[in-house]
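What follows is a set of notes on a single structure, which appears directly below.
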Amino acid sequence: MTARMTARTTVTTPTREGSAPVTASRVLVLNSGSSSVKYQLLDMADRSRLAVGLVERIGEETSRLVHERLVGADGAAGAGGDKRERLGPIADHEAALGAVAQELAADGMGLDSPELAAVGHRVVHGGTRFTQPTVVDDEVLAEIRSLVPLAPLHNPANVTGIEVARRLRADVPQVAVFDTAFHSTMPEYVARYAIDAATADKYSIRRYGFHGTSHAYVSRATAALLGKPVEDVNVIVLHLGNGASASAVRGGVCVETSMGLTPLEGLVMGTRSGDLDPAVVFHLARVGGLSVDEIDSLLNKKSGLLGMCGDNDMREVLRRAGEGDEAAATAFASYVHRLKKYIGAYSAVLGRVDAVTFTAGVGENAHQVREAAVDGLAELGLALDLEANAVRSPEPRLVSAEYARVAVAVVPTDEELEIATQAYALVTQ
Ligand code: AMP
C-alpha cells in the first residue's frame, strides 16, 4: 500500500547550467474546491510545514486569501509565523494560484524554486482505476475527468487545480493522491452492493469510500502510538468532521468503510443523513413530489445534525442539548447511536480489535461524543479513562482505561502531511 511508502531518497534538480544541483525536498499540497483552494508548503527533509493558506470565494467580488508563513525569516521552523490577509476579487483558479505563488515568493519560498520536488493534489474520486498516488500526465488527467460523473462536485475542481499548477511548473511532477485509494483493498463482497450485478457494473455502482488519506494516516499513527508495527494492529478509525466516516483497518489494510458510492452513506454527519432506507427516496419522489435534485440536496445538505436540530456544528448541538433542548438532544443521541452500531459492526468484521481511534474536528475535540460512543461497550473490551478523555491536546494520545482490552485513541489527522508524504515517496523512489 502507498501508506507504507517511506522512501527517503532526495531528488536533486539541476539549476541553471553550470550551477550545483539543489536538493529538492519541498512539496506543495493543493486541495482545490469549486470556489476555494487550500494549500500547504512542506519540507519533507524534516516533514516541517513552511506555509499554509486558503483562497476562498474564488469568482466573487469578496474573494479572500489568508496566508501564513510558519518559519522564521532565517528559515527556522517554529521561529514565529507571519499571517497575512488579502481581500478583493480573484477571478478564477488560475488567478488564485497566481496569488498564492506571489505570497510564497514574498516569503522567499517561490514556486519557481528548484527546491520544489512535487505538487501533491488531493483528488476526491479515483474510481477503480487509481489505487495508488499517480504522477499526472495527459492520459491520467483525462481519466480523472472521466470520473466526474461519480464526483460531480469535487473532481472538476481537482482537475482545474492540476491544470493550473501544471502550467505554473510544467517541469515539476504533479502527483494526484486519491481519497478513495486507501479503500481499494476492500474485498469485492464488501465493495459490491447487493443489486443486479450487470446494472452495478454498467453504472460503476459500488462502494468506493472517502477520507482515505485520513484513514491511512490515522491508522498508521495509531500503530505508532501503540508501539507496534502497523501489520500487527487492527484498528477502527472514526473520522468525525463535518463529513464523517468509519473504517476497519486490518494490519494497515482497509477492509471496510462506511462511505459508499458517494460520501452520503454511513454515519450521521453535519449535514448528511448517512444510512437510510433507499425507499425514503422513492417516497419523497412519489408522495412528496420532490425532484431528484431536491432529494439530493435534502439528504446531502439539509440532513444529519442540521436537519434534525437546525445546527450542524457539534459545539452548538452540545450546548443546546446541555440546556435541555430536545431536538438537539435527539440529534446527539442519533449521532452517537450510529457510531456505536459501526463500532459493533466493525468489531465483528475485524474479529480482534486493538484500537478504536477518534479523529477530525468532532473526534479530536468533543470528549462528550467519545464518552457517549464508548459508553456501555465494555463487553467489546472498550472503556475510557474519563479524566484522560476530558483533556484537550493536539497530541496523539490514549484515553482508554488501563484495564481495557481495546485501546481508545485520539489522533489528530493530517491529510496534507499524508498527501505530501505519498507524493514525495513517489517522486523519490
Ligand atoms: P472538520 O470537518 O474535521 O474540520 O470538523 C469540523 C467540525 O468539527 C465542526 O462541524 C464542529 O462541529 C466540530 N468541532 C470543532 N471543534 C469542536 C469542539 N471543540 N467541540 C465539538 N465539536 C467541534
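Just so you know, glycine gets a Cβ as well, placed from its N, Cα and C.
Keep in mind that TrEMBL annotations are predicted by a computer and have not been checked by a curator.
Quick look at what TrEMBL lists:
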{"type": "ACT_SITE", "residues": "Asp179", "note": "active site, proton donor/acceptor"}
{"type": "BINDING", "residues": "Asn31, Glu415", "note": "Mg(2+) binding site"}
{"type": "BINDING", "residues": "Lys38, His239, Leu240, Gly241, Asn242, Gly243, Asp313, Met314, Arg315, Gly361, Val362, Gly363, Glu364, Asn365", "note": "ATP binding site"}
{"type": "BINDING", "residues": "Arg122", "note": "substrate binding site"}
{"type": "SITE", "residues": "His211", "note": "site 'Transition state stabilizer'"}
{"type": "SITE", "residues": "Arg272", "note": "site 'Transition state stabilizer'"}
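Taking the features listed in TrEMBL, we show where each one sits on the structure.
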residue : record                             : Cβ neighbours (10 Å)
Asn31   : Mg(2+) binding site                : 21
Lys38   : ATP binding site                   : 17
Asp179  : active site, proton donor/acceptor : 26
His211  : site 'Transition state stabilizer' : 29
Leu240  : ATP binding site                   : 28
Asn242  : ATP binding site                   : 17
Asp313  : ATP binding site                   : 14
Arg315  : ATP binding site                   : 12
Val362  : ATP binding site                   : 27
Glu364  : ATP binding site                   : 20
### Query
For the residue listed as 'substrate binding site', which residues of its chain lie six or more apart in sequence with Cβ-Cβ distance below 8 Å?
Val29, Leu30, Asn31, Ser32, Asn158, Val177, Asp179, Thr213, Glu415, Ile419
### Message
Please identify, among the binding-site residues Arg315, Val362, Glu364, the one with the smallest Cα-Cα distance to Arg272 (site 'Transition state stabilizer').
### Response
Val362
### Query
With every protein chain in view, how many other Cβ atoms are within 10 Å of the Cβ of Glu415 (Mg(2+) binding site)?
24
### Query
Which recorded positions from the list Leu240, Arg272, Glu364 come close to ligand 1, meaning a Cβ under 6 Å from one of its atoms?
none
### Task
May I ask for the distance between Asp313 (ATP binding site) and His211 (site 'Transition state stabilizer'), taken between their Cα atoms and rounded to an integer number of Å?
19
### Query
Given the ATP binding site residues Lys38, His239, Leu240, Gly241, Asn242, Gly243, Asp313, Met314, Arg315, Gly361, Val362, Gly363, Glu364, Asn365 in the record, what is the largest Cα to Cα distance, rounded to whole Å?
24
